[in-house]
Amino acid sequence: MVADIPFEPVLEIVGVGVGAMSGALAAVRKQFDVFGIFVLGWAAGLGGGLLRDVLIGAVPPVGISDWRLITTALVGALVMYFFHPRLQRARRFIVVLDAGALAVFTVVGTVKGLEYGTTPVAAVIVGVITGAGGGVLRDLLTGEVPVVLHDRQLYAVPALLGAAATTALWFAGRPTPLVLSVVVVGVFALRVASLRFQLHAPGPWRGRT
Amino acid sequence: MVADIPFEPVLEIVGVGVGAMSGALAAVRKQFDVFGIFVLGWAAGLGGGLLRDVLIGAVPPVGISDWRLITTALVGALVMYFFHPRLQRARRFIVVLDAGALAVFTVVGTVKGLEYGTTPVAAVIVGVITGAGGGVLRDLLTGEVPVVLHDRQLYAVPALLGAAATTALWFAGRPTPLVLSVVVVGVFALRVASLRFQLHAPGPWRGRT
Amino acid sequence: MVADIPFEPVLEIVGVGVGAMSGALAAVRKQFDVFGIFVLGWAAGLGGGLLRDVLIGAVPPVGISDWRLITTALVGALVMYFFHPRLQRARRFIVVLDAGALAVFTVVGTVKGLEYGTTPVAAVIVGVITGAGGGVLRDLLTGEVPVVLHDRQLYAVPALLGAAATTALWFAGRPTPLVLSVVVVGVFALRVASLRFQLHAPGPWRGRT
C-alpha cells in the first residue's frame, strides 16, 4: 500500500468492494452457486493486485494474505448476492464507482511496482494490470471474452495514461501525495468523460492496404 | 510435502493420479490429441499445487520439478487414454477417489502454506486452491466454465472447512500427524456425504429485496 | 537471454514479432478494439516467456520489463493492425516464421530454466511452455480452446524433443553455441516437415479395451 496518498486506504477499500460487486453480479447472471459468487467477488476485487504481486515477486500477494481487503471483497459479494435485483438498476452509479476503483488501483499498482524496483515500462504494465486485471479474471472465470479487450470503451486507455504519468513523475523526483491524487482524479475524469461523451477506441483497421 | 501425515505420500500419489485421470477424460471428450490429453492430465493433477507454489513463492513449483509426481500424472493420463471406454462406466468409483484427492490436497496445501509463513487467511485460501485449482485449470483449458463455481455440489465447501480446521489446529499448537489425518478423513466424509445425500449449495438469492 | 547462441538475439526478436502478429491477427478476427489488439500481440509474443519466468522465479519477467522485446511485440501487433488484409494471404510464410520462433523460444527457455537451477524435468517443461505458452494465452484471451491441445498438428512435440535434447546436452557438459544452434534447426526442421508431410498426432484411443 502507498500510505501517503490521502484517503488511499479508503479508496482502495471502495475499489475492492466495487470490483467484488461486479464479479458477484457476473456470477449471479451465470447462475453460479453461492461459493462461485464469493470466488468471483474475490477474483474481480483482488485479482488485479494478485497478478501484479505475482509479477513483481511480492508473494504471498495481498489478495490472499490481507484479511481486511479479503473481507471487503466478501462483503461486496454478499451485498450483491442479496441485493442484485435492486443493484442492477443502479448500474450507472456502479459504473462511476468502478471508474474510481480503476483510477486508484492503477496509481497504487504503478507505485508498488516502482517501489519493487521495476523498470519504467514494467511499472506502467503493472499499473494497467492492477487496474484492469480483476475484470479480465472475472470474465475468464465466467466463460466470457475479456470485455476490456473488445468493447471499444476507453477503459484501459485512461489507466495506461495514468500509469505512464505516475511513472514519469516518479522518475522526475518522488511525487507528493497531492500530485498522485491529481493523477487519480485525472484517470477517473477521463474514464467518466469517455462514458459521458461516448468516446470509443477504434476496431481493426479497414483501410485499403 | 508434509512427511509426517501417515501415508501422506501414498495419498498424494493417489490424488495426482485421480486428478490426472479427470483431466485426461475431459480432454478425450473434447477430442484433444494425445499431447493435449497428457497436458490436461498434468494440469488437472498438478495444477492446484502449481498455483499454490506460485502464490507462496515456492518456485519452481513441484508441478514442474518433482519427477515422481509428474510421472504419476502422466501415467494417470495414459491409463485414461487407453481405458476411457471402460473407465467412464466406473464413474462412481472415480468420484470417490477424487474426494480422497480433494481431502489430501487441501490439508497438505494448507500445511505447506503455513510452513511458508503465510497469514491464517492466506493458508486457508491456499489450501482450497490446492484442492480445487487443478479442476479449475482443467475446465479453463477445455473451454468450460469451472464446474466447481456453478454446479452447486458441495465440493469446495468441505475443502474450505478442512483448510480452516487445519489452520486453527496449527495455531493451537502444531498438530500431530494423527490429528491432520482426522481432518483429511473429515473432508473426505463430508464430500462423500454431500454426494450420497445430494446436499447442494444455494444459487443466487431470489428473495423480495 | 542466452547470449552465446549465434544470432540468438535476432532470432528472439523475430520470434516475439511473429508471435505478436499471430496474437494481433486473432484479435482482429474477433473484432477486438485497438487496445485489445495490442494486448493480444503482447500476450502471444511474450506470454510463453512470462509464464516461464513466473515458474522459475525470474521476476519481474522479461515480458513486462524488457522494453526492446515489448517494443518488438507492439510493432508486430501494429503491422498486423494495418496490414491484416494482405498478411492473411501470406499465411504460409507466417507459419514458417512461427516454426522458427517455436524453435528459438524452446531452446532459449530450456537453457534459462537450467541456468536457474531447475531439475531436468522442470527444464523440459519450462522449455515447452516458453515455446507454446504464448499461443495458449492468445487462445484463452480470445475465448478459444488452445489450438495446440487439440489440432493434432505436431507443434508441441518438436518443442518437447528439442527441450529434452537441450537438457540432455546440458547435463552432458555445457553445450556450445553451435550445438544449441543445431538443436534450434532440428526443432524448426521437424516442425516444417510435419507441416509439409502432414504428420499428425493421434486423437483419443478407440481400441477395443
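Using the three backbone atoms N, Cα and C, a Cβ is placed for every residue, glycine included.
Features reported for this protein in TrEMBL:
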DOMAIN    A:10-84  domain 'Glycine transporter'
DOMAIN    A:96-169  domain 'Glycine transporter'
TRANSMEM  A:6-28  transmembrane segment
TRANSMEM  A:35-55  transmembrane segment
TRANSMEM  A:67-83  transmembrane segment
TRANSMEM  A:95-114  transmembrane segment
TRANSMEM  A:120-141  transmembrane segment
TRANSMEM  A:153-172  transmembrane segment
TRANSMEM  A:178-199  transmembrane segment
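Taking every recorded stretch in A:6-28, A:35-55, A:67-83, A:153-172, A:178-199 and counting its Cβ pairs under 8 Å to the transmembrane segment (A:120-141), the highest total belongs to A:35-55. The stretches the transmembrane segment (A:178-199) and the transmembrane segment (A:67-83) do not meet in space: the count of Cβ pairs below 8 angstroms, excluding pairs fewer than 6 apart in sequence, stays at fewer than three. For the transmembrane segment (A:35-55), the list of distant contacts is 15-24, 26-28, 61-64, 69-70, 72-74, 76-78, 80-81, 105, 109, 112-113, 126, 129-138, 141-142: same-chain residues at least six beyond its ends, Cβ to Cβ under 8 Å. Secondary structure of the domain 'Glycine transporter' (A:10-84) per DSSP (helix as H, G, I; strand as E, B; remaining residues coil): 65 helix, 0 strand, 10 coil. Along the domain 'Glycine transporter' (A:10-84), the predicted structure has mean pLDDT 94. Residue counts for the domain 'Glycine transporter' (A:96-169) under DSSP (helix as H, G, I; strand as E, B; rest coil) come to 60 helix, 1 strand, 13 coil.
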